[in-house]
Amino acid sequence: MAAGVATWLPFARAAAVGWLPLAQQPLPPAPEVKASRGDEVLVVNVSGRRFETWKNTLDRYPDTLLGSSEKEFFYDAESGEYFFDRDPDMFRHVLNFYRTGRLHCPRQECIQAFDEELAFYGLVPELVGDCCLEEYRDRKKENAERLAEDEEAEQAGEGPALPAGSSLRQRLWRAFENPHTSTAALVFYYVTGFFIAVSVIANVVETIPCRGTPRWPSKEQSCGDRFPTAFFCMDTACVLIFTGEYLLRLFAAPSRCRFLRSVMSLIDVVAILPYYIGLFVPKNDDVSGAFVTLRVFRVFRIFKFSRHSQGLRILGYTLKSCASELGFLLFSLTMAIIIFATVMFYAEKGTSKTNFTSIPAAFWYTIVTMTTLGYGDMVPSTIAGKIFGSICSLSGVLVIALPVPVIVSNFSRIYHQNQRADKRRAQQKVRLARIRLAKSGTTNAFLQYKQNGGLEDSGSGDGQMLCVRSRSAFEQQHHHLLHCLEKTTCHEFTDELTFSEALGAVSLGGRTSRSTSVSSQPMGPGSLFSSCCSRRVNRRAIRLANSTASVSRGSMQELDTLAGLRRSPAPQTRSSLNAKPHDSLDLNCDSRDFVAAIISIPTPPANTPDESQPSSPSGGGGSGGTPNTTLRNSSLGTPCLLPETVKISSL
């Protein structure tokens, strides 16, 4: 509407002051105030992807972002679109909800990202359709458990390394929960595990009967009564280790209240408490039963192995996650036991010498039958009792078998989650090790490079820099291109000096060409030549273009070029193939030099009578500093000039 007003308003103002008569030019049509209609098409641009829908489609849900007036904050007046910088793939499912009224959860998308999109558009997760609701809840539960495990692992010290200024409590807690962080923590881990095993074994061995003493050889007694001092010292040492571990864990715990309420803390207390109670309780007949009961609690020390066994922890997590299924199983078994015990009692009530004396006495038979154990100490004798006993056995199989797949699936899920977490941690360790190795290798290579003279200090004061004395990357690329040209064409490029790619060192090759030119002569130490590719030893035979004879490269003519001196003008011969840096380009090297190349071309056929022989230049045998390049034919023995000079542009 503002655009229409801006169109006709200047005409009206000009006519009012007499600048422009209204009759000279027709006015544009006056803007019409359009009432908002439900059949208006709205364009929604989500990260560049345009979606079109009816306005009344979005108005179905006025409590959401797209159905309320809040979407006007995202309106772009220039394009006439509602722009949202969100995921367009997710928005497709959101828009389908406005169209159909059913919200579907995409399987290929992250469940957390899907929840974030729903929260942005003002949609609640309860709107997910029944077809996707179960899968949505399972994925959300699995994701929440994984995030909780990652948070616990990070708190336990399995995450990134602690900062340098970490406190003693943090280091102790990390050592207890993740023993592989240091050698001392690993030693303490194995020591506590050893004493747990010793304590459990001693608790078992002290009940074994031993031979009598020399004074009473016929009297048998347990090993605990035969050697009380040894077992007491062993138990004392184990309890002291367990007490010290518990106190250190309590001191280092991030939240002491949470640690005291944890299951492992209760196991630790139950494992060490009977020992201290036995020290202060006198051994007499009045409290002997209570003392024996306290000694029974020592067997709970075996649960301390759960800290050292990953499988036991997985089993505990499985039972915790299957609490509802286990509760259903217990409730079903309780109902079935009560029902069948009552039926069996009244079915066997009329018989003499029956073992089903009461309904609680029949509980034992029902439990043994439903769990398919069948000890045989209690059996029905009547026909009705046998029939109901068979029904009890079959119902027990069904009741117990139904929750088992759920428990197994939860165990498998938790186990695979743990395996993936271990794999991620192992991969992270490998990546960190590779990064450290790469850094170490790079540092060593740099130091070796500097030691070999590859770098030198230039400048003084704050402007001191490292100047690379090796050849530039441009020149190395040029050498590689020369080698590729030699492989692709029939020409051979040869340099008289060797070039070391490792440190950019130039060394004399000590090789001479068959050519008699200047470039084929041995060069002194001050020469500016360097080589890229050495001359190949095996020279294959080729067939000439205008000849029927097959000759080798040994009989081919060589076109030699002169070496370009330092800061010399651009040559007009084939030596322009050599790396020639631009004069205005400041390369990171000490010197600018050119490389002389020897290009071998096939020998043309012998001169026919029609062709005219060019005259030999003066001093034809020399290869001195003449700019003209000579062509020699070993078969003719007469030097001749090349009719035209081949020019190749420099790289």
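Here the Cβ of each residue, glycine as well, is placed from N, Cα and C on the backbone.
Pulled from Swiss-Prot:
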- 1-183: topological domain 'Cytoplasmic' (TOPO_DOM)
- 184-205: transmembrane segment (TRANSMEM)
- 206-230: topological domain 'Extracellular' (TOPO_DOM)
- 231-252: transmembrane segment (TRANSMEM)
- 253-263: topological domain 'Cytoplasmic' (TOPO_DOM)
- 264-284: transmembrane segment (TRANSMEM)
- 288-308: transmembrane segment (TRANSMEM)
- 309-323: topological domain 'Cytoplasmic' (TOPO_DOM)
- 324-345: transmembrane segment (TRANSMEM)
- 346-359: topological domain 'Extracellular' (TOPO_DOM)
- Asn355: N-linked glycosylation site (CARBOHYD)
- 360-371: intramembrane segment (INTRAMEM)
- 372-379: intramembrane segment (INTRAMEM)
- 380-386: topological domain 'Extracellular' (TOPO_DOM)
- 387-415: transmembrane segment (TRANSMEM)
- 416-651: topological domain 'Cytoplasmic' (TOPO_DOM)
- 474-489: region 'Required for dendritic targeting' (REGION)
- 626-637: compositional bias 'Polar residues' (COMPBIAS)
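Taken as a whole, the topological domain 'Cytoplasmic' (309-323) shows an average pLDDT of 80 in this prediction. Across 184-205, 231-252, 324-345, 387-415, stretch 231-252 shows the highest tally of CB pairs under 8 A with the transmembrane segment (264-284). Across 231-252, 324-345, 387-415, stretch 231-252 shows the highest tally of CB pairs under 8 A with the transmembrane segment (184-205). Residues 344, 347-348, 350-351, 354, 356 of the same chain sit 6 or more residues outside the topological domain 'Extracellular' (380-386) yet have a Cβ under 8 Å from a Cβ within it. Tertiary proximity for the transmembrane segment (324-345) is limited to same-chain residues at least six positions away from its ends with a CB under 8 Å from its CB atoms, namely 356, 358-363, 365-367, 369-370, 380, 385, 388-389, 391-392, 395-396, 399-400, 402-403, 406-407. Residues in the topological domain 'Cytoplasmic' (253-263) partition by DSSP class (helix H, G, I; strand E, B; coil) as 7 helix, 0 strand, 4 coil. Sequence-remote contacts of a segment are chain residues at least 6 beyond its ends whose Cβ falls under 8 Å from one of its Cβ atoms, and for the topological domain 'Cytoplasmic' (309-323) they are 145, 263, 403, 406-407, 410-411, 414-415, 418.
Each residue in the topological domain 'Cytoplasmic' (309-323) gets a DSSP state, and the totals come to 13 helix, 0 strand, 2 coil. Tertiary neighbourhood of the topological domain 'Extracellular' (346-359): same-chain residues 338, 365, 377-382, 384-385, 388, selected by CB-CB distance under 8 Å and a gap of 6+ residues from either end. The residue listed as 'N-linked glycosylation site' falls outside any helix or strand according to DSSP and counts as coil. Each residue of the topological domain 'Extracellular' (380-386) gets a DSSP state, and the totals for helix, strand and coil are 4 helix, 0 strand, 3 coil.
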